[in-house]
């Protein structure tokens with residue numbers, strides 16, 4: 001396979017990669033509310049596993065710089081960002097019209113620290129893109145990110161700010177083409193919509209399709225205008241297992257890498273596609289899920305790994321811990337070390353969980369049909385689109401402040417020894433703790449949500465093309 005368009009030299013998959021890991025200890029304190037399935041606490045559980053498995057010492061550990069208003073407004077509407085910044089649980093009753101307009105209140109509730117939460121997870125994703133752009137790592141990891149449903153002007157599916165779109169816009173400052181791959185059980189609709197009319201970003205989503213949120217992601221949705229055939233949707237049915245998943249994943253992604261030749265890849269690793277997820281209906285094992293990470297890593301292209309869905313939180317932590325090991329090229333022991341969340345993982349206290357015996361409704365005939373149709377679509381892309389830069393946008397600045405746990409919020413558990421464990425396991429010679437400050441390009445493509453009619457699609461495509469001409473991108 002010719003991957004000469006990649007910016008890293010080819011190397012065996014076993015070769016160690018330089019990995020940057022973004023984590024803010026405050027992120028686990030945010031709370032969507034009683035009974036809500038999205039629990040940011042899963043990030044703290046994941047981090048604890050990474051610390052006790054000794055993986056932190058093999059990575060650069062960064063506390064993300066919070067994304068600012070102007071960073072978020074590179075994609076999101078100004079009035080929507082202003083609303084997120086100002087709304088609080090105490091004032092929401094006075095803003096019912098805005099709550100309805102921006103789709104905030106039920107699946108996407110108002111909670112204490114909502115805007116800070118958005119700034120934190122978006123800052124980690126954009127910070128990871130900055131690190132990749134500067135060649136300071138080969139793989140960047142932000143498990144708090146990956147919130148793929150958020151739209152330009154509204155929240156959706158537990159997602160408020162689309163950190164993925166913001167990170168891709170940052171990567172486009174350096175790379176002609178960026179590939180987005182989504183293995184969450186839900187369709188990556190927000191990211192697809194954002195880049196539906198451009199050939200600079202290819203989106204590939206593997207998801208449950210049918211009577212299932214968000215209801216988009218049909219096989220026939222392929223992009224529009226210059227973006228035609230640059231959106232690939234892989235609609236799946238209940239109970240898909242590891243073997244069936246990779247009958248599709250590897251041939252399709254292999255062909256995408258050959259034809260599209262991205263300069264960077266963003267992989268959304270939503271863990272709700274695992275067997276036994278509270279909201280999911282797939283039957284992937286952790287190793288089967290992680291095989292996607294391993295396969296993307298094997299191409300040796302700058303890689304941004306993000307989180308996403310995942311609602312059986314003990315399995316989310318297991319999965320993202322194991323996949324961090326995959327990114328590092330380290331096989332972690334199945335026997336779990338004792339740590340502050342050890343009791344969550346009983347009665348077996350192991351990293352891996354066995355898939356169930358649920359029925360796989362994805363027949364081989366169905367899978368072969370999907371694969372054939374999508375490979376046919378890819379065959380219509382004759383070559384990777386050429387993008388010429390007359391003047392490349394400036395690099396984002398990198399802050400170099402030292403992370404300081406003493407300035408933490410009072411909600412941080414004083415009895416937790418997590419930050420002590422982190423310090424114990426980190427080797428100063430290998431780990432650099434700093435704040436990465438994202439500065440998105442003022443001329444970044446202000447790509448809107450997918451339009452609902454052909455005329456508005458054409459208007460949007462014209463807007464994108466006009467902006468592209470301003471940037472001398474053709």
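Cβ from N, Cα, C; glycine included.
Just so you know, TrEMBL annotations are computer predictions that nobody has curated.
These figures come from a predicted structure and were not determined experimentally.
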TrEMBL feature region 'Disordered', matched against 354-385, 386-417, maps to 386-417
Among 421-447, 448-474, TrEMBL lists region 'Disordered' at 448-474
Comparing the Cα of residue 157 (substrate binding site) with the Cα atoms of the binding-site residues 184, 186, 272, the shortest distance belongs to 186
Whole-Å Cα distance, residue 272 (divalent metal cation binding site) to residue 107 (substrate binding site), is 16
Among the binding-site residues 107, 184, 272, the one whose Cβ has the most other Cβ atoms within 10 Å is 184
In whole Å, the longest Cα-Cα distance within the recorded substrate binders 107, 157, 311 is 14
One should report the C-alpha separation between residue 186 (divalent metal cation binding site) and residue 311 (substrate binding site), rounded to whole angstrom, as 13
Integer Å value for the Cα distance linking residue 311 (substrate binding site) with residue 184 (divalent metal cation binding site) is 12
